[in-house]
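Below is one structure, written out as structure tokens, with a few remarks after it.
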Amino acid sequence: MNVSALLTSVGINTGLCAVLLLLYSILRKQPSNVNVYFGRRLASMHLKHNDPFWLERFVPSPSWIVKAWKTNEEEILGIGGMDAVVFLRIVVFSIRIFSIAFVICFLLVLPVNYYGKEENHHKRISSEQMEVFTIENALDSLSRIIHYNLLSLPSSLLCKYEYKSISQMRLAHITGSPTNPSHFTVLVRALPCSSEESYSDSVKRFFTNYHASNYLSHQMVYRSGRVQKLMTDAEKMYMVIKAASIEQNCKPSLMQHGLCGQPADSFNILPSEDGSVSGKAVVNMDMGKSTKESAAAFVFFKTRYAAVVAAQVLQFSNPMLWVTNLAPEPHDVYWSNLCIPYKQLWIRKIGTLVATIAFMFVFLIPVAFVQGLTQLDQLQQTFPFLRGLLKKKYMSQLVTGYLPSVVLILALYIVPPVMMLFSAVEGSISRSGRKRSACIKVLYFTIWNVFFVNVFTGSVISQLNVFSSVKDIPTQLAKAVPRQVTFFTTYVLSSGWASLACEVMQIFSLFCNLFKRFILRNKDDSSSGALSFPYHTEVPRILLFGFLGFTCSILAPLIVPFLWVYFVLAYFVYRNQILNVYVSKYETGGQLWPIVHNTTIFSLALSQIIALGVFGIKRSPVASGFTFPLIIGTLLFNEYCRQRFLPIFKTNAAEILIEMDRKDEQSGKMEEIHRQLRAAYYQFTVASHELSKFECLSHGAKKSSPDPKNVNPGNEPRQQNGSQTVRCNLD
């Protein structure tokens, strides 16, 4: 493929991104779209908007970019939690890495590659083949050694710096956050069945006997899927009615009142009082006939340290009974999976692993089709009737430069939902654990199909032949990767640039909102369906592009500027989405970063293995001798980080937990914590506008905010009639 085909893809994706971003800057100002582009702000406070018509609402502006730039990390932490901060640090880490790569590649690598062979007769840049910019044109072994050493050292140093910084942030988050009920709670599964006593009595007897000094109480998990669904639906309905009542009370109008001063065509909304049913945070239910005890329970301990010890120690001589784990946060519990028999979990994990591998091989079909599109000669031989059409210059550039990446992107859209289903079947006890498991599956899936399959094959059969000899893998990679760099570059443009523009546009939510307003005639701006951040799709995408950058930037440096632009644009887009769209429903304390570190190390090691293949092809033993220590050093660095930082993300330090326990005991808070522990993990709840204290604490510190009455685009916050009215600026 020549440079002109790449420029065609660049032009199409640049135009698409520009149009979508300009359209977004207009649509976000429209009051009718406030629930699409400001879902988080709607969920955190009850809003009502005026609908004035002013010309400024229809003029594009970069104000959202300025707002995203000015927001500091502390504000992001208060709004989205530590997971959001860690996610943005992934983007910043990538920007730093590829800023260094940008300078190295364009000042050193690209000129060396382009002018490496004196016998080359260079054409006009747009007519050049992409191969002249790759490492195949490097003149001698010394230049190739420089190629691979320049990026490894800064990448390792930055990786260590970020790992250390985020580890410290995690420790500060644990100590600085309000009391978390999950620190006192242990989930116990695989309870032994007894005909003489119930599960609840068995739990009480066991922990009273073996943990008498630290055991506080317990809460059983019940088998009641239908009841839980009804209660969840009731909770959503309650929130909708509550929001509607507030909106109704905020609409004073003389035209609504009759002669006696009461509304003529509406009903009164009674206030929620402490004794009313809607004001209760927990509704007791008769669980005699509608529910049944499951072989799982939440056990509460008097101190955090006692809970951690109980969770990590083997409780019974049979490891398949009385299995303990630290409980997830109350809002993070995946209740339906707690009823799964513990003995089934290993079977489920093997089954999902087999299903994931089978799905990866089934996905070879669309990938092979995509590779067929990149080979113009093969495409003309397979479909002779297309020869006349493909002889047109623009059409051939479109088919080979843009269409393959678009087809692959459309096929990849089905992957995250499938992996989320597999992760749920595995039996994860928390929603965040399910999403983290899906994130890892999607990451492995995309790296395999987007990189390895596309590198090694134009068909399924040739791909299988490549792996017949393991020792030839470095050589095959060294030959194949430079040939596929053009496809990877167009993939960055289509799946990277365009996906960010679609992300900020929220196309699906926008169409749903338009359908609701203009087809169903529903003008309600309820935020009950506010979205949580899709870490399981966005983290793998960013890591995939980082992986492509590490493996391809030195081989073919033309990919670097497109990656750098993607990460810079991602920085602004994701900050905007965290500030305005996505709601933080649970917190993992930054446990995504070990995934990032492992992927970075794998990318570095693979790039160095590819270097060995390149030096083998060029018959450069000196260069190979310099590369072997580099690989060993990378693996030793990974082991150091695994020993130094990874345990911080796996469990909490006893030092920190004991200090927190002492602080609560000295301040007299421990008794209040003990009284509220049981209510925190009550399985059947109807949430009111005022959540219980623990439900608020489990999300972290929430800054109190005034009750806003209006959202009026373009106006600043102001005082009105002695009470504060917040008018959110949508510009």
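Cβ coordinates are placed from backbone N, Cα and C, and glycine is handled just like the others.
Caution: TrEMBL annotation is automatic and unverified by curators.
Keep in mind that what you see is a predicted model, and the values were worked out from it rather than measured.
Some features that TrEMBL has for this protein:
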type: DOMAIN; residues: 5-141; note: domain 'CSC1/OSCA1-like N-terminal transmembrane'
type: TRANSMEM; residues: 6-27; note: transmembrane segment
type: TRANSMEM; residues: 86-110; note: transmembrane segment
type: DOMAIN; residues: 183-337; note: domain 'CSC1/OSCA1-like cytosolic'
type: DOMAIN; residues: 348-615; note: domain 'CSC1/OSCA1-like 7TM region'
type: TRANSMEM; residues: 350-374; note: transmembrane segment
type: TRANSMEM; residues: 394-422; note: transmembrane segment
type: TRANSMEM; residues: 442-461; note: transmembrane segment
type: TRANSMEM; residues: 542-574; note: transmembrane segment
type: TRANSMEM; residues: 595-617; note: transmembrane segment
type: TRANSMEM; residues: 623-641; note: transmembrane segment
type: REGION; residues: 699-731; note: region 'Disordered'
Inquiry  = Can you tell me which parts of the same chain pack against the transmembrane segment (595-617), counting only residues 6+ beyond its ends and a CB-CB cutoff under 8 A?
reply    = 90, 93, 135, 141, 144, 147-148, 151-152, 155-156, 159, 163, 436, 439-440, 443, 473-479, 481, 539, 543, 546-547, 549-551, 554-555, 623-624, 627-628, 630-631, 634-635, 637-638, 641, 645
For the transmembrane segment (6-27), sequence-distant contacts whose Cβ falls under 8 Å of one of its Cβ atoms, 6 or more beyond its ends = 33, 36-37, 57-64, 126, 130, 394, 397-398, 401-402, 405, 486, 489-490, 493-494, 497-498, 500-502, 504-505, 510, 558, 562, 569
Message = At a C-beta cut-off of under 8 Å, are there same-chain residues at least 6 beyond the transmembrane segment (542-574) that contact it? List them, or none.
response = 6, 10, 17, 65, 68-69, 87-88, 90-92, 94-95, 97-99, 101-102, 105-106, 109-110, 113, 130, 133-135, 147-148, 150-151, 155, 443, 446-447, 450-451, 481-482, 485, 488-489, 491-493, 496-497, 500, 503-504, 595-596, 599-600, 602-604, 606-607, 610, 614
